[in-house]
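A.B. asks: This structure is in structure tokens; I'll ask about it shortly.
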């Protein structure tokens, strides 16, 4: 990324901001330094370096003049980096899980705060506490209660920072993955200690400037957020204690749970013993997966919660006890064996039997006969389930996200073999619950009480993660005895996928999708209108492919997809593409016009279906090299997305290896850019051209180097790729690797003879970019290999100047140690650092002898630039070193 923009030294006008970072801060609809009067009803601006233009008209007036006070630039919302970064990290269900947890019964959960292990953990400087327990033992309720109890007390301490996240295995994707955890933690940190997240904010602003809007043009990634957390945590702990609470670690999956537990341990143990405030992590997790942590602090819930269960049962059965004075509460407590959920289910059964007038002895006998293991209890409860129950369970288990009552109503109504063509016919013929209340009761009945509707989002989920685990591992086999166990999950995904497809094929959906008006407002709001009219449409549109892929992965035959989507007319495929574009206009997953079933299966790696399609290619009129509206062929999509088996299958069927997309990028180029080494090797073996350049001049080697894919760079060089092939801007593979911080690739290219001084068309060398973007190891490597330190770009800016302007203290120190000239014509490193508020750099440069009174071509000194840009600490530092307000000495 070209972090240092061309406008660092704009030729004829006087810049009053501090350069790159200062300009970024000024982005938005209002000036921070303007002073003039406006007599118009419009928004007033001025011409660069000109006299003020006063207008009394009603139009907008524009300026580039020097300002000295705030001026309003219209009604457009000003870009606020912190606010926009918070929005990019947030997701709708970020805090919903903790609010779904039932409040603890009065008098329960209090034992934890008095537990000796908890007290030892809470009083130590840093520690990791694992609260372990069986499924349903009350871990989440316990943690939520503790969090609510300790938060007010901890906040009375000096600056204590409390962070929390509750995993939710039955929730959305982000609620059950480490990615969601780190997005939530960074959102909390930004709200409370944004100054500690400088790396995160710098990355966010850089991407917004160079790539575009987050969520549309780029996405955060889990690994980078995890790294940012590791970097920011010590900064926070320098001034504030941190308490981190994480619930249900097991619900993010076994592999993720093990990795996160190790990460927690590493965070606690990796901190130096002095110089930091207290750091505590508390997490809950089942006994499985086995976490080999060797932690000092560990509490087993079921060994401690018998009294809580007794209190809970007594409370639930208080009226029953007043009438009967029975020993049933004690019987339930003893048989619960530390599992709250078991006690709750049995209490519900007792109350039901009592309402039916069953004798106490028979109720006791019933309790004695109830299996003590949750799985066995669930198996007993589902004995009376119907085929409709199976359908409901499949949807709750395998939907890509929890469904609302409105969505589930249609999902239950339309089946894979639905004979109707319209939604109206389905409503007339089916058992259609007409309102949410009736649908809620139907869910509870069909699930035998094992599913619930959440109070906030009104979505359907199982009452506990253990219920979902039971059905996926055992329960579906008990419900569907006609299907082989190996096929049960695959058949479930098949059923869900066909329900989505049948819904999309309904007549009303087609009429709505095809209805157009020459009205921009209507078209821009059409998606909301369609979802309001057709509640299941969004889910069906965005999820049928995911279900198809899961079914294919389990070897379920799906040749019928050809009948739905292929053939000369391709009507349903065109409808799906149009609907997707209406509902998710800016989604990266949105299919493009001209998309065929072959494109879709190639893009998502659905090999079984693709093979079936290709076997009937001539019969149904399928062209293997057909391109969509962006010129992307099925082979291009498979190569770009890393589906080796699909690439091989398409090549075996004669797909063209050089078919490029609109920007001229070939399948080899995309595979190289995205790091798919096996596919790069396969394409090269099949004759793909190593020097095929896109319209910007980027070759496969150029893309691989720029993205840091060392193995692919080596492979391409071994196959004869031109090491100096530059893009239209003159940037070589070495320059791109240095610019983006890929040290191993830089080293490899240098070892293979790459020109260390090869500059782009602006005169910027690999060293220049590495210094500007803060890649210290690469700067050191390039200097060790003989890179010239004083090379300047076409505006005269050197590596030292850019490093100083961008706050790269370690690089500034390194360059000075290697002999970089501390003064420069135009604007010196000191001037740039002062203008951008880089206090540490200013101090370093002054210590190394930088001239404090040096001025730029407009006579501005470092003191003046720091003052103009509001950097008070820098102003004080310069004044301490003797800077005078009136001095204007040229460098």
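First residue shown is number 1, and so on along the chain.
From the backbone N, Cα and C atoms, a Cβ is placed for every residue, glycine too.
For 1-61, the entry in TrEMBL reads region 'Disordered'. Annotation comment: TrEMBL describes 27-61 as compositional bias 'Polar residues'. Per TrEMBL, the feature domain 'NACHT-NTPase sigma' maps to 34-74. As annotated by TrEMBL, domain 'Nephrocystin 3-like N-terminal' applies to 107-286. Marked as domain 'GPI inositol-deacylase winged helix' by TrEMBL: 391-477. The repeat 'ANK' feature in TrEMBL is assigned to 630-662, 663-695, 696-728, 729-761, 762-794, 795-827, 825-857, 858-890.
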A.B. asks: Within the same chain, where does the repeat 'ANK' (729-761) have neighbours whose Cβ lies under 8 angstroms from its own Cβ atoms, ignoring anything closer than 6 residues to its ends? I mean 6 or more beyond.
C.D. replies: 1-2, 696-697, 699, 701-702, 704-710, 713-714, 717, 723, 767-770, 773-775, 777-778, 781-782, 785-788, 791, 793
A.B. asks: Across the domain 'GPI inositol-deacylase winged helix' (391-477), what are the DSSP residue counts per state (helix, strand, coil)?
C.D. replies: 48 helix, 8 strand, 31 coil
A.B. asks: Taking only the residues in the repeat 'ANK' (663-695), give me the average pLDDT of this model.
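C.D. replies: Per the prediction, mean pLDDT sits at 97 for the repeat 'ANK' (663-695).
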A.B. asks: Which numbers of helix, strand and coil residues does DSSP report for the repeat 'ANK' (825-857)?
C.D. replies: 16 helix, 2 strand, 15 coil
